[in-house]
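What follows is a single structure, written as structure tokens, with notes after it.
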Amino acid sequence: MQAEHRDHVHGSDGHRHPVDFDPTAAGPDPFPPEGVGGRPLRIGIGGPVGSGKTALTAALCRTLGEELELAVVTNDIYTTEDADFLRQAGVLERERIEAVQTGACPHTAIRDDITANLDAVERLCERYSTLDLVLVESGGDNLTAVFSRGLADVQVFVVDVAGGDKVPRKGGPGVTTADLLVINKVDLAERVGADMEVMLADAHRMRGELPVLAQSLTDDPAASAAADWVRQQLAAHRSAVGPAAG
Ligand SMILES: Nc1nc2c(ncn2[C@@H]2O[C@H](COP(=O)(O)OP(=O)(O)OP(=O)(O)O)[C@@H](O)[C@H]2O)c(=O)[nH]1
């Protein structure tokens, strides 16, 4: 079958996305990873609509905001909803939060044309010259959406139990290749009939050695385990940067 016959066509302009039946494939990353020297760690937070990306971002800001120089970039298609939510929740100073309006499928802005996000990161770095960490939250997308390594040094993919316990075994590059897979809203598992043992076993089977974290932000609003993972990533980033630039 020729590639164009497998393309997925959608949107009012009928634009195309290639469909790949390999659940681990994301297509080539258009940008190389950026050198880490002298700049903050950038962590991408992606995942399907409503899985809890903003709630996780807010929790990480609350937990880490006192100990780290932290800023956030949000992505929404038509609004600045997520940035507005974070500002209203008071998780960080308002100026530490930048909103990108993608105007197109969220994956476009985090992978195909990362300019608007890089500009937002740059504005934050100009405003706060000693940033340790920038969290870049993607707009909600589907299982194929992952960050370019030119934008995010490491990425978290957030799915939730309400999407059904089948989600991890459906694969997709977010599930299979993200540096951390978060299975969120485990407090709802029983109510929605999701079998956590199945979800975790499938997630580990799909990801090999890569870590999987089951959490409930209702039960643990500090997102303690995710915050620990962020601290580890930051330590690794700092050791890569070296003492002179760190
Ligand atoms: N019960 C429960 N609800 C949660 C949890 N985490 C998030 N939520 C709720 O789930 C809903 C969606 O969460 P968001 O953080 O807005 O999800 P999102 O992934 O940012 O959504 P989009 O940006 O629209 O894709 C909100 O009402 C949250 O309060 C959780 O661990 N347990």
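In case you wondered, yes, glycine gets a Cβ from its N, Cα and C as well.
Keep in mind the model is a prediction, meaning the values are calculated, not measured.
Cβ neighbours within 10 Å of Pro48 (GTP binding site), excluding its own Cβ and spanning all shown chains: 21. TrEMBL lists Gly47, Pro48, Val49, Gly50, Ser51, Gly52, Lys53, Thr54 with the feature GTP binding site.
Per TrEMBL, compositional bias 'Basic and acidic residues' is recorded for 1-20.
The feature domain 'CobW/HypB/UreG nucleotide-binding' is assigned by TrEMBL to 43-213.
As annotated by TrEMBL, region 'Disordered' applies to 1-36.
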Subject >> binding-site residues: Gly47, Gly50, Gly52 - member with fewest neighbouring CB atoms within 10 Å >> reply: Gly50
Subject >> Gly47, Pro48, Val49, Gly50, Ser51, Gly52, Lys53, Thr54 excluded, remaining Cβ within 8 Å of their centroid (GTP) >> reply: Gly140, Val158, Val159, Asp160, Asn184
Subject >> Under 8 Å by Cβ from Lys53 (GTP binding site), counting only residues of that chain that are 6 or more apart >> reply: Ile45, Gly46, Gly47, Asp82, Glu137, Ser138, Gly140, Val158
Subject >> Around the Cβ of Ser51 (GTP binding site), the count of other Cβ atoms that are within 10 Å >> reply: 24
Subject >> Thr54 (GTP binding site) CB neighbourhood, other CB atoms within 10 A >> reply: 22
